[in-house]
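Database features, via Swiss-Prot:
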- Tyr127, Gln190, Asn213: NAD(+) binding site (BINDING)
- Ser238, Gln260, His263, His330, Asp363, Glu417, His422: substrate binding site (BINDING)
- Gln260, His263, Asp363, His422: Zn(2+) binding site (BINDING)
- Glu329: active site, proton acceptor (ACT_SITE)
- His330: active site, proton acceptor (ACT_SITE)
Amino acid sequence: MRLLVRPEEEELERVLRRSEMDVTEVLPDVERIFEDVVERGDEALLEYTERFDGVKLEAEDLRVSEDDFEVARELVDERTVEALEEAAHRIEEFHRKTLPRVDRITFDVEGTECGLTLRPIPRVGCYVPGGRAAYPSTALMTVIPARVAGCREVVVCTPPADNDVRASPEVLVAVEIAGADAVYRVGGAQAIAALAAGTETVLRVDKIVGPGNVYVTAAKLLAYSRGLTDVDMPAGPSEVFVIADDSANPDWLARDLIAQAEHDPHAAAVLATDSEEIARAVKERVEELLDAGIEREEIVLKALDRNGWIVVLDSLEECVRLANRYAPEHLQLCVENPEELLQDVENAGAVFVGHLTAVPFGDYATGPNHVLPTGGFARARGALGTWDFVKIIPIQRLREGDVERLAPIVEELAEREGLPNHAEAVRARRS
């Protein structure tokens with residue numbers, strides 16, 4: 001990790017420029033895959049599954065059967081099943097408590113009846129990635145809020161695997177616990193194309209959520225740009241930004257940075273502090289842990305070499321300002337008085353308050369969602385939640401008195417915008 005002590009703005013810009021996910025490089029390949037799936041459906045899915053995943057399936061294998069779920073249960077350790085069930089309970093409880101509960105509200109706007117109604121998105125597709133590792137926790141984090149929101153059908157796509165159930169057994173158990181209606185053994189851009197356009201087997205959905213690699217992200221953006229389906233957010237490499245003072249534990253901080261770095265060679269791990277002593281202690285501890293040997297060491301080393309920074313600034317207020325510019329996926333406040341800093345936090349996917357609140361607790365068990373904006377998108381949105389699975393529909397009702405009051409406004413503005421028939425539609429209703 002690189003240490004910067006009271007850096008100049010040019011050096012801070014280097015910290016802010018973490019790895020970005022450039023979909024333009026893969027977009028031509030994704031477009032070809034997309035068109036092929038739209039044109040040939042299941043046949044294309046089976047070919048891409050064999051080519052990219054090395055798993056040969058028949059059409060009837062695309063959808064996971066009830067027997068497969070039973071076998072998956074037998075393959076997964078009971079302690080893992082119990083952990084998934086306990087995590088699911090907490091995730092569901094959190095999302096039920098954050099569910100917008102208003103079915104319809106009406107109110108008066110200058111004498112006119114207006115209002116809102118909330119409706120669940122009918123069909124949702126959840127992408128649960130494979131690749132470097134299987135992520136059953138992502139199945140919980142995507143399926144549960146959709147189900148809590150009242151979506152009529154919730155389906156899952158996850159990459160196939162070469163085993164007895166031809167998918168991650170842990171993911172299948174998690175999906176069953178979460179309550180999805182169907183699971184398909186298909187991953188990558190082809191999975192997104194199938195969910196967006198539908199095939200003989202895969203149900204076409206109204207929205208796609210869940211993280212994935214650059215091909216998955218490009219496919220989601222392509223599906224959205226073509227008006228086929230809505231999507232949640234682009235997903236880039238994972239990142240953590242830690243703010244610490246001299247009350248922090250250097251060993252804990254070092255392990256927190258390493259934990260984030262193990263996600264991906266392009267992951268980012270940044271520590272900002274007002275204590276040079278803490279900064280040097282954390283850097284030394286990271287090096288000690290790496291020298292002693294850790295699991296996933298190659299990934300961690302690449303990530304910390306590319307996007308690992310320890311920054312010493314003059315005050316914690318400056319650290320918060322830098323964090324707001326960074327807009328991290330995960331923000332940890334490892335300081336003596338975290339509430340004082342929390343009120344100034346503007347941009348973060350999720351905030352972890354206090355020395356005890358390590359990011360992995362939020363990844364798995366506290367309850368809030370771990371599908372979060374990366375790459376600076378926390379400037380504009382926060383975590384996935386039940387609000388992502390409902391539509392807010394405005395309602396308005398005019399009565400005769402409203403027509404006379406509003407018609408002059410509408411007629412004037414419609415004429416100015418060159419839409420005379422808008423004005424005529426209103427004039428026809430005047431007494």
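Quick reminder: no glycine exception, Cβ is built from N, Cα and C everywhere.
Not measured: the values here are computed from a predicted model.
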Under 8 Å by Cβ from Tyr127 (NAD(+) binding site), counting only residues of that chain that are 6 or more apart: Thr142, Val156, Cys157, Thr158, Ala191, Ile192, Leu195, Ile208, Val209, Gly210, Pro211, Gly212, Val216
Recorded NAD(+) binding residues, Tyr127, Gln190, Asn213 - maximal Cα separation rounded to whole Å: 12
Among Ser238, Gln260 [binding-site residues], residue with fewest other Cβ within 10 Å: Ser238
Other CB atoms within 10 A, centred on His330 (substrate binding site): 25
Non-site residues, in chain order, whose CB comes within 8 A of the mean position of the CB atoms of Tyr127, Gln190, Asn213 at NAD(+): Pro129, Cys157, Pro159, Gly187, Gly188, Ala189, Ala191, Ile192, Gly212, Tyr215, Val216, Ala219
Fewest other C-beta atoms within 10 angstroms, as judged across Glu329, Glu417, which are the recorded positions: Glu417
Max CA-CA distance, Å, over listed substrate-binding residues Ser238, Gln260, His263, His330, Asp363, Glu417, His422: 55
Spatial neighbours, same chain, of Asp363 (substrate binding site) - Cβ under 8 Å, 6+ residues apart: Ser137, His370
Neighbouring C-beta atoms (10 Å sphere around the C-beta of Gln190 (NAD(+) binding site)): 29
Between Glu329 (active site, proton acceptor) and His263 (substrate binding site): CA-CA distance (Å): 13
Nearest of the recorded positions (Gln190, Asn213, Glu329) to Ser238 (substrate binding site), judged by Cα-Cα distance: Glu329
